[in-house]
Amino acid sequence: MDLENEKNDIGRDSIALWVLNPPEPPCMLYRILKNLKEAQLGVTLFSLKHQNSPKIVFTFLQALFPIFASFKNYNVHKFKSDVLGGLILAIFAIPQAMANASLANMSPEYGLYTSIVPPLVYALISSSREIVIGPATVDSLLLSSMIQTLKDPIHDSIAYTQLVLTATFFTGVFQVAFGFFRFGFLVDYLSDATMVGFLQAVAIGIVLQQLKGLFGIVNFTSKSDLFSVIKSLWTSYKNKSKWHPCNFIIGFSFLSFILFTRLLGRRKKKLVWLSHIAPILSFIISSAIAYKVNVHELKIEDYKIEVLGPIKGGSLNPNSINQLQLDSNGKYLGPLIKIGLTVAIISTTQCVAVGRLFASLRGYKIDPNREVLSLGIMNIIGSFTSCYVGSGLLYFTPKAMLAAIILSAVPGLIDIKKVYDIWKVDKLDFLACSGAFLGVLFLSVPMGLAIGTMISFAKILLISIQPSIAVFGRIPGSEAFGDVEQYPMAINMPGVLVVSVKSAWLCFTNASPIRERIERWVIDGEDENSKGERSIKVVIIDTSSLVSIDTAGIASLVELNQNLTLRGVTLSIANPRWQVIHKLRLANFVSEIGGRVFLSVGEAIDAILAAKMEA
């Protein structure tokens, strides 16, 4: 049965009634509650009802801890691979974790702690199979740059550490809230262009901050913006501040070694193992050199190569929850909540993006909301626990070595090609990228993010207030209609103006410009008619792209219909979405236009032709 016969069998009147009388759409509260009812665990009573007790327990545990799903087909070979992979990651993570803790202006043992407890928690409850959790370079710099405005990490390190733990707690709280209420999509409001600009500036900020460790400069700023670093360098040079030349030799040499092994591993796959062990190898060798050079000095201040010095030893500290600054009367609570929200968004954005990438490469899917929830639980538990690790080897670890390890991660943050692609594709996105970059580089991390985000939202507002509307015509040889500018061969039906609203919203920002443009096209048609050409008698508005409409949008349609009626022109609506037709019915607009609402533009034109034939 062809389409035309099917239409005749069903009846055009029935189709019109389907369009005009759909079920009432769900309200916003219903949709929120529906999201909440979608269980985070993925377990329903129905799925458990027909299972025996052992299966119920396993299914529940598998939903609560996705790691149990991997035990179904687990074997000795996979166990050996996991042990080897864990060993390689541990070798790489130890120096990286200590370096990132130093970047966050915290004692190195906190980096080791962050590499023990959070990965265990995340591995149990996360849906991603590849993400490895630890102290990240970007997060470390982000925390350092914002919390040091509240407390000096050098002169009041204890209070500074407490604020970092509190900010970590609030980060976890926000991430749990995002995941539980299924608001993981909120991280997408930080546009890709803003993140690219932010990461490029962070990379430069990391380089600037590591100049202190690389050169062994004694008096150096803890800020990461360009002006502060240049001022600090100039002051150090002008006052001939003390610095350690041996630090530069150690740092630059092992930085070159790490980067060389990484390049060698990319070119020769058989030597990729060398790039994996290069950081820990550099760690051990540089510590041995520092020991040999400094061992004869009695005081650590007299060492020729700056080292970490004594590192606290011990075990899990159950009392770190008492270090959280949660007093509602405290002056730091408000700023820490803001810092927690900022870090939660940045950290989640990066983690979810990486998780999606690896999941697509491995052929499985991750649940973004579950990832956000897992990150939140991990950070909350992390803020409650403290893990100290003691070693004699760590005492002589050169600070320049930690700077070299941090700097070796910088190339992974820089993506000039991505910046060029943004410039080539979308100039407004490039403006947001540049705003975030310059803001972070010359002002601060929060200001850079705020500038990039504001530009991104300004772009959305600018696009939304534009009269996004186009004249449509029928594409020859098909039933489809398209933009006459995009498809110059499209055919216009004499006396009929078909327009399409391209915006998702018809609201107070764009309703008047769209109405004025339609009226102008109708007037232009009348002017053409005075020259002996056709005039417009019917206007059909295709609303297939229109997701919602507010009272200002409805008022503009009412005014448009009144103005067109005065000119003897009839108005029709084609393909309205669920929310749109519901609101138009509530506002009695459908009755005002005589019920001329159709399933498609083609249906509307067919109705016009049928009316002409009857006349």
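Including glycine, each Cβ sits where the backbone N, Cα and C put it.
Taken through DSSP, the domain 'STAS' (506-608) splits into 56 helix, 15 strand, 32 coil. Per TrEMBL, domain 'STAS' is recorded for 506-608.
Positions annotated as transmembrane segment by TrEMBL: 83-103 (among others).
What TrEMBL records for 158-181 (among others) is transmembrane segment.
According to TrEMBL, the transmembrane segment annotation covers 193-211 (among others).
Positions annotated as transmembrane segment by TrEMBL: 242-264 (among others). Here the transmembrane segment (242-264) has long-range neighbours at 213-218, 236, 271, 274-275, 278-279, 282, 285-286, 289-290, 293, 304-306, 398-401, 403-405, 407-408, 411, meaning same-chain residues at least 6 beyond its ends whose C-beta is under 8 angstroms from one of its own.
If you look at the transmembrane segment (271-291), the same-chain residues 6 or more away from its ends with a CB under 8 A from one of its CBs are 88, 91-92, 94-96, 250, 254, 257-258, 261-262, 264-265, 303, 305, 307, 393-394, 396-398, 400-401, 404-405, 408. Under the heading transmembrane segment, TrEMBL lists 271-291 (among others).
Within the chain, the transmembrane segment (336-359) has long-range Cβ neighbours (under 8 A, six or more residues past its boundaries) at 128-131, 136, 138-139, 142-143, 146-147, 150, 163, 166-175, 178, 184, 186-187, 190, 195, 198, 325, 365-366, 368, 371-372, 375-376, 445-446, 449. Per TrEMBL, the feature transmembrane segment maps to 336-359 (among others).
Summarising the annotation, TrEMBL assigns transmembrane segment to 371-394 (among others).
Same-chain residues lying 6+ beyond the ends of the transmembrane segment (400-416) with a Cβ under 8 Å from its Cβ atoms: 95-96, 98-100, 102-103, 108, 137-138, 196, 199-200, 202-203, 206-207, 210, 212-214, 216, 244, 247-248, 250-252, 254-255, 258-259, 262, 279, 282-283, 286-287, 305-306, 308. Summarising the annotation, TrEMBL assigns transmembrane segment to 400-416 (among others).
Sequence-remote contacts of a segment are chain residues at least 6 beyond its ends whose Cβ falls under 8 Å from one of its Cβ atoms, and for the transmembrane segment (428-458) they are 141-142, 145-146, 189-198, 200-202, 204-205, 224-227, 338, 342, 346, 419, 422. Per TrEMBL, transmembrane segment is recorded for 428-458 (among others).
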Any residues 6+ beyond the ends of the transmembrane segment (158-181) with a Cβ under 8 Å from its own? 35-36, 40, 104-107, 110, 143, 146-148, 150-152, 187, 320, 323-326, 332, 336-337, 339-341, 343-345, 347-348, 369-384
Other parts of the chain folded back onto the transmembrane segment (83-103), taken as Cβ under 8 Å at six or more residues beyond its ends: 109-112, 114-115, 132, 134-137, 140-141, 144, 206, 209-210, 213, 276-277, 279-280, 282-283, 308, 394, 397, 399, 401-403, 405-406, 409
